[in-house]
């Protein structure tokens, strides 16, 4: 539903940045107010990421006001905070479609707009990309400005510091803006810092500082005195000199909600030479009190009524797989003090809030540091503990070398609880958990499990925790099937599946067996009822139940594998590899995710589109048998 733009008269004048730059400066505060209200009213009707964007309204307006976008390049890290950017770059009337099938992409996306310089979704990539753009801008000699905007969470990742270390070394012109919403700043401190920012970024101070460095460079004691004096001056209000040690000229912190002061500072910094670092303080959820009080809860929101002070609760009586995992952690920790749970900044999403409160000494949030998370688990395992790394499928990609080098080679008892495996829905290409089976299946020593329901998930987590080597349990986003959950733990026999439905002779004379890996089992059973097929819940992707595969191959004419993973290199590919190794030549149909990046949509919409619901599975099998 598109909002009535006549209710936002100043915003109506700023459809694109070139329109924005024509507005008088005295109207920009009103523009920010209208932009924030528009964002709140739109996202509350459509769902999406809210709190981050509410906090970056003034920054977004200031950036597009000062810089000549899209010629000058803005690089947004992750992109949760880029909704105001989308509104101001010609996509205002489509904001209500964001994160929906065929709608606006949830993050900045190059195919969507010339103002989106980098397609993003994972964190901490912006400084590296911006530096690459800055290097090329210098090469082409067109005086193109490049700006990276990164949050205080994303900047903790090693990749961000690697990029800053390189930028400081080669001294290219670029600006990194740290959007720090961890704390609020008082009016006095904010005013003092805003004034200091004007001084430190101004041309007079810059020329004096650079000139003084040249004059005094041959007099080490005086040079050191000047340096220390400058640091003491800045140290009164600047939180440290770490960024300057990396080679950046640090300015800030400044109030990120004063649009006119931001514009002054950005104009001063725009033409400074070398790598610049602007530290701004913002409030996540700014302007909407419930989001200010609960920025985590309002980070990503369903449809809601802004007039109410709370978000609607889920109406499903079925637990999510994330909750199944969280309950397992608490129940298992009560029995095993050696259990250690690690997450790279995904406490809420991974279902670990309760565990973090009940077992704080066994809980470790390492921030956005997937590589460190995996190798931290390595150290714990070497010391005799039983670590569990709770991680989204898409983010495990970032710790792949550590999975091989630091865990699997040493055959250490580290379990990976892989959430959001398969299609996650609204977050699109960057977040679909499409590849974990493919990239883990080739690793020696790994045990890989794919539960068909929530009870099987619980027992597989226990199985992995008891295993003496590396293991992984991968499960999807969302609710379970409503299966009864047994409270007691039962370890599964590793590498053993089960037949859950036996077929009789099919109507066309061909006997079909469906080998289901994961939560498609319910759809497989619906299909089997329609075509009279055998169904096996394979449970283990590695090691495969080779005896069961041999049995199914001997008793059936066609095998069908189904998984919520890329077909290339996935579980079905493993079945074919085994059959070929045993010289068991027979027709095998692999169903799963196609060889393309899957865009956003609801999980049900995507399953239907890809032919992975019961109706689509039946059609694929019928078409295959008809060949």
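Even glycines carry a Cβ here, placed using N, Cα and C.
The model shown is predicted, which means the values in this text are computed figures rather than measured ones.
Within 10 Å of the Cβ of residue 370 (thiamine diphosphate binding site) there are 25 other Cβ atoms, across all protein chains. Annotation source Swiss-Prot lists thiamine diphosphate binding site at 80, 121, 122, 123, 153, 154, 181, 288, 370.
Taking all protein chains in view, 22 other C-beta atoms sit within 10 angstroms of the C-beta of residue 181 (thiamine diphosphate binding site). As annotated by Swiss-Prot, Mg(2+) binding site applies to 152, 181.
Counting every protein chain shown, the Cβ of residue 152 (Mg(2+) binding site) has 17 other Cβ atoms within 10 Å.
Recorded residues residue 80 (thiamine diphosphate binding site) and residue 152 (Mg(2+) binding site) have their alpha carbons 13 Å apart, per Cα-Cα distance. Residue pair residue 370 (thiamine diphosphate binding site) / residue 152 (Mg(2+) binding site) shows a Cα separation of 16 Å. Shown are the binding-site residues 80, 153; of these, the residue with the fewest other Cβ atoms within 10 Å is 153. Residue 122 (thiamine diphosphate binding site) has a Cβ environment of 20 other Cβ atoms inside 10 Å. Counting only the Cα atoms, the space from residue 181 (thiamine diphosphate binding site) to residue 152 (Mg(2+) binding site) is about 7 angstrom. DSSP gives residue 181 (thiamine diphosphate binding site) a coil state; it is part of no helix or strand.
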